[in-house]
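The structure under discussion appears below in the form of structure tokens.
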Amino acid sequence: MQRKTLLSACIALALSGQGWAADITEVETTTGEKKNTNVTCPADPGKLSPEELKRLPSECSPLVEQNLMPWLSTGAAALITALAVVELNDDDDHHHRNNSPLPPTPPDDESDDTPVPPTPGGDEIIPDDPDDTPTPPKPVSFNNDVILDKTEKTLTIRDSVFTYTENADGTISLQDSNGRKATINLWQIDEANNTVALEGVSADGATKWQYNHNGELVITGDNATVNNNGKTTVDGKDSTGTEINGNNGKVIQDGDLDVSGGGHGIDITGDSATVDNKGTMTVTDPESMGIQIDGDKAIVNNEGESTITNGGTGTQINGDDATANNNGKTTVDGKDSTGTEINGNNGKVIQDGDLDVSGGGHGIDITGDSATVDNKGTMTVTDPESIGIQVDGDQAVVNNEGESAITNGGTGTQINGDDATANNNGKTTVDGKDSTGTEIAGNNGKVIQDGDLDVSGGGHGIDITGDSATVDNKGTMTVTDPESIGIQIDGDQAIVNNEGESTITNGGTGTQINGNDATANNSGKTTVDGKDSTGTKIAGNIGIVNLDGSLTVTGGAHGVENIGDNGTVNNKGDIVVSDTGSIGVLINGEGATVSNTGDVNVSNEATGFSITTNSGKVSLAGSMQVGDFSTGVDLNGNNNSVTLAAKDLKVVGQKATGINVSGDANTVNITGNVLVDKDKTADNAAEYFFDPSVGINVYGSDNNVTLDGKLTVVSDSEVTSRQSNLFDGSAEKTSGLVVIGDGNTVNMNGGLELIGEKNALADGSQVTSLRTGYSYTSVIVVSGESSVYLNGDTTISGEFPLGFAGVIRVQDKALLEIGSGATLTMQDIDSFEHHGTRTLDLPLYFQTSVIT
């Protein structure tokens, strides 16, 4: 039988200041012999020398081991308050429960004996007469949240209350109100600090738990569960609120968790760990961590609000196949601060709550391959070096379904690795220099932008560095301000698909690709306005731009720029270009290819296509209208092939040019219809009446021009009252085809038509008063030592009240040869009157020329 209970001895020791109570009982053996185990051990064996430690009794070895354990060497840290129950037992079916009992302090037994301190020699001290009524002992409170109440026979650890029972082997059994059990094997009292350290096991003996002088709980063994219902505060380096060493460990943090000074709130080492953090979590200071798990297949559920500042880390998981579910709002501020961190492959973070990152912090960091982030909340990132989501590893997938706002140099999503995918379904707003919405560094990166993208202030919406990148932009994209870029890719074989509406203004750039073999497919509506604004830009060889949507360019902007050799631009949509300096499509590089089967409208000093290339190919098969002071196509270079198969190339503006070709050895084939007819109803028609507009200009040497289509020129004559020795009025100057230079060849196989008009201006009084005489309008003008071969049909019709200089003019040694199949038809000429000078009798005009 037990002559003294462990509980009584512990209480006696606690009252007397004894440092350690471990198996302090007198046990009667089977032979009736009493075993005296009343051994006095040093309170702090850590201060003893190695020789002194060797001389200690064997009963003190648990104390020595206990003092050497890491969980007892943490120093004087702040106390943990209000942790709930630690479940250290299994049920009858050996199913692990989700709630639990906790490590306790020595409890009382059923005895009515008053605890009596042992004598130095092991003799007993006889208690007082039992007739005396003893005074009930007061509860003993320790500074690390442990209370021993002998009267109520309870042990309270943190906020968990247990009843206790002594066992025959000297251990103490604990049981909470739900019937869950645990066992205490050892305990130690620190008299100076009034704290108690406890050590025990689960009911089945499989799990070891320790509650140290700092109020820190350490679980060693599999299938352990800790329920922390109260607020937990951890402060100081190496301080830990709850620690589990073993597989399938679980911590349920219902109370708030506050960690600072380099401490750890929850530490679990082992596979398949789970933390349900339902309270508010606050972590601050370098090396501080709210939750740390080292092991595979970990799951952390942060349901409450988390605030991470000044270099702290909210959740860190080191292991493969980890999952972090952040349902609450996460706020991260300060350099080196991190909300959620996973180091391992197949990591996953589900961010249902909002994510707010500033001051250089990181919201989510994953290092490892095949990571996934589902960000369903609103993400706000601001300040340089701040990153909302960062993944370092291959095959990463980031899904941003909520709205993202990135400002002042921050980055929303950054992925460093190959084969990455970012799906941005929500709206993304990026503002400020060095701000980036989504950034990928690696090959085969892909961004699917289903949501709207709004970029300003020099920010970048999407940045990809690496080969074979793809961006599918299906939402609305708005980019404004200098240096702002909606989509930028640095690498070869890039593909960008702009399917939604894009608006680029004030010096911004919609899409920019720097690399070879790039392709940009623009099937949506694109509007570009303002000097230095660019819709799509490729800098690299073999770049391709396909325009299937509509493109509107104004204010000096450029719709498309393709800079590099062997570049291609194919337009099947509508292009509208207006204002000084505006260019619809600019291509510069050797061997360029341009094709247009869409409709192009150019006006107000703009240029539709600006092409600088040698050995290039230009094919215009759609329709084109050229307005005031504008040029439809401006081609500069040698050995180029130009095919004008346009169903309608109309030059209707003042001082306008349909096609301008400058260079040597170019080939121009006109198979479509070309009309030059200045708009006489325009407000500025009279002002620019004498400034010629031209259908096609060819400047240079050894060029070959062939007309197989139809070329029509309309010329107006403004007539006034006849006066002696003065012209009857004035006629405008317009030309269909002008070829200037030596060695050029012009083959006129198609039809030429010159149509005259009379008094087409709304008010031609100012023009007619100048009395310039007959028109110098000609369908064909060739100047220089070149040859013209006329084989087609030529028609003259309409009104020519002042006469005209000729349908074809060849000058400066130009040669005209009229083939046997050529015809000339004069029809529908209502008037051919002239006064004051003699006009030509034939509708051909030669100046220093030869005709055969």
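Placed from the backbone N, Cα and C atoms, the Cβ positions cover glycine too.
As given in Swiss-Prot:
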- 1-21: signal peptide (SIGNAL)
- 30-50: region 'Disordered' (REGION)
- 91-145: region 'Disordered' (REGION)
- 307-319: compositional bias 'Low complexity' (COMPBIAS)
- 307-354: region 'Disordered' (REGION)
- 339-348: compositional bias 'Polar residues' (COMPBIAS)
- 407-449: region 'Disordered' (REGION)
- 506-516: compositional bias 'Low complexity' (COMPBIAS)
- 506-531: region 'Disordered' (REGION)
- 517-526: compositional bias 'Polar residues' (COMPBIAS)
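Sequence-distant neighbours of the compositional bias 'Polar residues' (339-348) (same chain, 6+ residues past either end, Cβ-Cβ under 8 Å): 296, 300, 302, 306, 308, 313-324, 326, 330-332, 355, 357, 361-374, 393. Long-range neighbours of the region 'Disordered' (506-531) within the same chain, counting only residues 6 or more positions beyond its ends whose Cβ lies under 8 Å from a Cβ of the stretch, are 455-456, 467, 471, 473, 477, 479-500, 537-559, 564, 573, 581. Outside the region 'Disordered' (407-449), and at least 6 residues removed from its termini, the chain residues within Cβ reach (under 8 Å) are 357-358, 369, 373, 379, 381-401, 455-475, 477, 483, 487, 491. Across the compositional bias 'Low complexity' (307-319), DSSP helix (H, G, I), strand (E, B) and coil residues number 0 helix, 9 strand, 4 coil. Under DSSP, residues within the compositional bias 'Polar residues' (517-526) fall into helix, strand and coil as 0 helix, 5 strand, 5 coil.
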